[in-house]
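Pulled from TrEMBL:
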- 9-323: domain 'Hcy-binding' (DOMAIN)
- C241, C308, C309: Zn(2+) binding site (BINDING)
Amino acid sequence: MGLEKKSALLEDLIKQCGGCAVVDGGFATQLEIHGAAINDPLWSAVSLIKNPELIKRVHMEYLEAGADIVVTSSYQATIPGFVSRGLSTEESESLLQKSVELAVEARDKFWDKVSKITGHSYNRALVAASIGSYGAYLADGSEYSGNYGENVNLDKLKDFHRRRLQVLVEAGPDLLAFETIPNKLEAQACVELLEEENVEIPAWICFTSVDGEKAPSGESFEECLEPLNKSNNIYAVGINCAPPQFVESLISKFAKLTNKAIVVYPNSGEVWDGKAKQWLPSQCFGDDEFEMFATKWRDLGAKLIGGCCRTTPSTIKAISRDLKRR
């Protein structure tokens, strides 16, 4: 199935959802709720080693909550990261592949069950393979600063992402999700890599923002979106893991800068201190606020809406309930 047909799957899903599909929520958050210990450089990806069945359980919980797209547990899963834990390259690649397989298995099992129920309100979900930024691999908070240092250039970023991208594509997801991209350089690296590898799976690229105005690097989103707007591989662009208070203005900003679909999945509003490895107190959205604002975000132009860190299946249920009743 080529890029056009794969993109049509997503377009059809968005139409079936009434113009806006629901992305799932915080994966690591839900793992922790179930008792998983993920204070680790691999973060949520450590569960691919320790407890893959829990990963499938979390996917199922988001599907039950109404998610139309489930994102794999591969955000912080990288071959160098696994190798540093003593795994072989082959074992590392197998775990990456497993992240897609677990999501697909959960999706298929859930759909097999609900499709037999008359009058159900679910859609057959799509699986998006998560590809975290270089900063996520470094686990030093640099995905929230965009400061990778002078030695990190375009070729180095492409080399870092290349094999992981190849393995995830071979595993057969419906979509690719590049997440928490902090600067134009890495966005351009992702776009060029998709073209060089002749990838025929539609992708979205999400930046984050620490001020609600610019990328973490300080570059304008007009600059950052320039290479994305020229790419046929990029179906959607947007924001993830930024405070929900920023989302309304960022959707309006992106709507003026791109013709791509807009995807937003903010965190709860809590602020992550990447160096101290802890959440800082701040103004947060609860499920009621997410439910109230989801329709507004859709009406402003978002085609894909979900949650990121510190959101849960109850958050996604609230978003889904709001979007599907209007």
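Glycine residues also receive a Cβ, built from the backbone N, Cα and C atoms like all the rest.
Neighbour counts were taken as the number of other C-beta atoms within 10 angstroms of each residue's C-beta; across the binding-site residues C241, C308, the minimum falls on C241.
Other Cβ atoms within 10 Å of the Cβ of C309 (Zn(2+) binding site), summed over all protein chains shown, number 21.
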